[in-house]
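Lifted from TrEMBL, the feature list:
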COILED    134-161  coiled coil
COMPBIAS  211-227  compositional bias 'Basic and acidic residues'
COMPBIAS  228-237  compositional bias 'Acidic residues'
DOMAIN    18-113  domain 'XRCC4 N-terminal'
DOMAIN    118-194  domain 'XRCC4 coiled-coil'
REGION    199-248  region 'Disordered'
Amino acid sequence: MERNVSRIHMVSEPSIIYFLQVSWEKDLGSGFDITLTDGQSAWSGAVTASEISREADDMAMERDKYVGELRKALVVGTEPANVYRFDFSKENCHFSYEKSLKDVSFILGSLNLQKVSSPAEVIRELMSYCLNCVADQLAKNKHLQRENEMLQRDWSDVQKRLEKCVTAKENLEADLYKRFVLVLNEKKAKIRSLHKLLKQAQEPEEDTQDERESIDHTESCKKRESAYDESTDEESENLPVPSEVVPGENKPILAKTIPLSQVQMSQILHQVERRGNGCRKKLIQNLSWFIRNHLFKKRKD
């Protein structure tokens, strides 16, 4: 059997404290017993399941909802004091309980109680029940306190492990970052070396191309020189020299014949100045050959 003891005040006697005990089997809707005492006298009564159903029908309320209201009024007692109100008349032993909603109140139920011949026994049972409830609450409190201490220790261990994990994670991140930097620097160095090798491999190709272009340019210069030399040689054989006119004389002075070697020398120098650096080396070689040939002929003569 389940029971509940609560402290209440009557509307007719608000200064007097009453203790109300409600006990029931299985469910409050199957019926319950009421015991009321003021510390000197005691009264008891019972409410059957049929009476509960009749009260619910009279109030036009579903039975389960009505049982819930009875539980809030007689057992739970968490609502404010002005929501559920009680009244008791010692003359006719009539006990009633009602619910107040703003300015409207309606009676949840009422019953006639019987005065107990030995109230001391009832009071002793109530005190024993209250002491047992206190002991149970103390035991639950101690059990919860032990569980709380265990949870505190577990929480401390978890916190320490978490701190270690965080430290290990930070160290691992720092180590991975260092390794990443090393790998990145190695990759950069490798890329630079590959760029350098590629540049070195491209330079011989450019040099070879420049050499080919210079060779082609030299050959074209040689062809132009040979053609120009042939034309100048033919013209220089019969090159006339202008006569000098002496002032005061009417007779022209016969022109001196300029040697062919001097004409060829001037033509070679003119080619050097004209063609520039591109064929200067070749022309200098021709000039050297011409000087040696001229000296050889002079010695021979």
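Positions of Cβ are set from backbone N, Cα and C atoms, glycine also.
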For the domain 'XRCC4 coiled-coil' (118-194), mean pLDDT (0 to 100): 93
Secondary structure content of the domain 'XRCC4 coiled-coil' (118-194), with strand meaning DSSP E or B: 76 helix, 0 strand, 1 coil
Per-state residue totals over the domain 'XRCC4 N-terminal' (18-113) - DSSP helix, strand, coil: 27 helix, 44 strand, 25 coil
